[in-house]
Structures are given as structure tokens and as C-alpha cells.
Amino acid sequence: MAGGIEITFEPLSSRGTGGDLVVFVGDDLALSGAASEALGQPGTELVARAAASERFKGKAQSALVLPAPAGVEADRLVVIGLGSEKDRAKIDWTVLGGFTAGKVGARSARVVIDGLGFAASARDVADFTLGARLRSYRFDQYKTKKKDEDEAGAALTLRVADPSAVEAAARSAEAVAEGVILARNLVNEPPNVLYPEEYARRVSELTQLGVEVEILDVARMKEIGMGALLAVAQGSAREPRVVIMRWNGADDAAEPPLALIGKGVVFDSGGVSIKSAGGMEDMKGDMGGSAAVVGTLHALASRKAKANVIGAIGIVENMPDGAAYRPSDIVTSLSGQTIEVINTDAEGRLVLADVLWHVQATYKPKAMIDLATLTGAIIVALGQDIAGLFSNDDALSGQITAAGEAAGEKVWRMPLIPAFDKAIDSKFADMKNTGGRHGGAATAAAFLKRYVNDVPWAHLDIAGVGMSSTPSEINRSWGAGWGVRLLDRLVREHYER
């Protein structure tokens, strides 16, 4: 039961008692045949009178909530507007599901989905369930006092023309919801609970779904030469981990995989270049990129995706102590390239550098996508509703952009020009880990690009969308779980065979 909500299906002709009865109307307030039957004459007349008195016009994402009259199979009537015919032609079913779940709350409801000049496909209904599950998510396990409604679980019964025709798509959507919820849970966890070793242990539970999991400890990282990642970790009492997840779902096991790489800084104090106190508590979410990768692997394995996908995350804690790495240190990365440390708070790119190099050298992927809450500069550039995309490949960039648009997780492609690469040249090493005040998101991407060889690659800077992002109809959580829906859509459309 993903998202704390139970969802079932029944035919349009079904009848029931109690709970909410949800119907949809356009801006003409016309009811579909099935909705009229469910409401009966008393309910239909009440809706017409109430709409007139409340000036309810059926606009998109508007609602009218009424006590049900005698003779109607419900305790409440919830009438949700879908807007004009033009609005109804471009319904975002995921958002509609979230909006509906928000109006129902922690109650049981029957939702009549049909008519109004459109046919809801199995995919539409599945997207509706996805939105409802994501809206119903709560992270409250550390609260000792809960409201009664927090203890209750919502239950939606969707009335559709053919229940059996939508169940397979709905199961796939539930797998995606579970992946998003896992990612949200990971981001929301406090860092004293989700330290690197514990994070790696939780990821190892994906083996129950058929995912192969390998954990690299400090000894192994030293053996292969992950000097950049280890430098970041050396100020923490908690040892770092690198976790490799392998989902081999393609018919051809030898087919090169898609590789997803995530930054997993479970807490970022800034290290010796320490952050200011205000807002530092949010730095538990500096592992949002890794959470998206873990959530995506969970989703792909749960729905048995026909694709080979590698997930790799570098998990560290960036802390200041007597052993911490310092500005002016020079560290040697796994690639052999040397890095002059200018700012210890630019640590995520050091973590990603070693993981990117390890993945491309070991697994020979057909493409690599990394996700990271990497820079505050991307928030200045794009705000908190869209992620920054940097890429060395137009085709991959286009696929990611289209998948994000379809999934409701939008990206905007940013430039990668030689000037950004030149900005990270160092007098003392092969490169430095910051490029100055200007173009911070772009110079960070240019740094990562130095760890990518001849393979299509994209970098998603999700600092604005991964945590504390704008609330929406499908997300009221601090940790958004951003990226799981985009990556699942990308795999579904371009990598499954």
C-alpha cells in the first residue's frame, strides 16, 4: 500500500454506501452518465443548487464539497472541476489524482472516472493513482503525538469501465510511487539515523527485489584509489561507502547498461569551509541525488523493467575535525587526475568524480546520468521548480528533457562551453574544485565533465528541486523524491526492449 493509501477498482455500475462520492464536471457543469446514476436525482439536484449558490463554475482544479442528501450512496459529495473542453483535452492525470486525494483526505471514497467528452485510458487511470499515492505520503514516524487523521489511512475505489484493463498499468504506477516514496524517506531521515553505513545497509535490501548490490568499504576504496571521495570523508567519524546496484532486466544480459550515479552526502557541514548556521539543518538532504537513484532502481526492479541499469552512489559525511581535508590540499582522484581543494564545501563533485570514473571503467555503460544537489547557483538561475541539465550529448539531453516534461519533472538545458572548463584550471594541480563566483553551476558541471570519456553523459543539478521545493498537488513533503519519475519514464521509453 504505497503512500499510506489503498486503491482498488470496480465497474461503473457498482454501488456502495458511506464515505465520499467523487464526480467530475466540466465548466458547463454537465455530469457524465455514470456520475448521474451514482448521484441519483437527489444528488444531481443538490449539486445544481449548490453550484449556483456557491458560484461553482467547474474550473480546473476547483472543488465543491457537500453533505450527501438522503438517498445517495455516500456521506459527502465531492464535485471536482475539470475546466473547459480545452482544459480537459490536456488533463495531467497525476496532478488530478493528487488534487482528488487532497480533497478526500484520510477518508474512504469512490471516484467515478468516465465520460465528459474524453476516454480515460489505462495509462491515464494509472497516472491518477500515482498522483493520489504521492499526495497521501507523510513522514511522521518521529512524532510521538499524532492527530486522529494522521492515524487513519485513505482508501480510494475507482469506478472505471473495465477494471481488469487498468490493473496492470496501475501496478506499474504503484512501483513508481514506491520508488518515489523510498527516495523521500531517505531524504527526510535525520543524519544521525541515516549515516553512510546505515544508508548502505538499507540499499542492500534491494536484493529482495532481484537487484545485485555491491558495497565498497574504505579498504576497497583505498585499494582502487578513490582519493577524491576519501578526502571528503576524512573529517567524519563515520566511514564512507560506495554502493553499486545492478538491475539486469533485459533479455540480453550482455547489453551495456544505462548508468545512474548519485551524490550521497548524508550531511554537509561544509567541512573546514563551514557553512553558516542558518539553514544548515537542510544539509541532511544533500544526498537527494543518490536517493533518486536508489528509488529508481527500486521502481525498475518492482515493475520488472526490461532494461539493464546500473545505479552507483557515493555516500559520505562532510565534517570538520582535525583530520578533515583543507583548502589548498591536493588530492589524487581515481582517474589519476589531481585536484586542488579551494573550498571544502564544494565536496559533492569530488565524490561524483570517483564514482563516475569507476562506473565507466568497470561497467562500460551506453550512457551515464548523474544527479546531485550540487550548487546553490542553480537555484539562483532556475529557482525551485526546474532542474539544471548539462550534457555532452544532444540526443540524450533531448530524451531527458522530453521524459521530464512527460513525467512532470522538468529540466532546462544549460550551456557547457570551453570558458567554464578553463575556469577550473589550477596553478598547482590538474584542476581546482571551484571556478570562482560566476557561473557556479556551469563550472561544477565542467569539473564533472573531466571525469567522462567518450560516453553520452548528462548531469542533473537538482539542488532547487530535491528538497524544500515548491509544494504541489502531488508533493507536500520536504524531501521531494525528485528524479524517480523522470528516470523511470526515460528507461521505459528509450532503454526497455
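Yeah, the Cβs are placed from backbone N, Cα and C, and that goes for glycine too.
Sequence-distant neighbours of K275 (active site) (same chain, six or more apart, CB under 8 Å from its CB) are D268, S269, M283, D345, listed in sequence order. The active site annotation in Swiss-Prot covers K275 (among others) and is backed by sequence analysis.
As annotated by Swiss-Prot, active site applies to R349 (among others). Less than 8 angstroms from the CB of R349 (active site) sit A372, L374, N433, A444, F447, L448, each of them six or more residues away in the same chain.
E347 (Mn(2+) 2 binding site) has a Cβ environment of 30 other Cβ atoms inside 10 Å. DSSP assigns E347 (Mn(2+) 2 binding site) to coil, not to a helix or a strand. According to Swiss-Prot, the Mn(2+) 2 binding site annotation covers K263, D268, D286, E347, on the basis of sequence analysis.
Summarising the annotation, Swiss-Prot assigns Mn(2+) 1 binding site to D268, D345, E347 and lists sequence analysis as the type of evidence.
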Cβ-centroid neighbours of Mn(2+) 2 site K263, D268, D286, E347, 8 Å, sequence order: V232, G264, V265, M283, M287, V316, N318, G348, V351, A372, T373
Sparsest-packed among the binding-site residues, when each Cβ's other Cβ atoms within 10 Å are tallied, from D268, D286, D345: D345
Near-site residues: Mn(2+) 1, ref D268, D345, E347, CB cutoff 8 A to centroid: V232, V265, S269, G270, G271, S273, K275, M283, D286, N318, T344, A346, G348
Secondary structure at D286 (Mn(2+) 2 binding site), reduced by DSSP to three states: coil
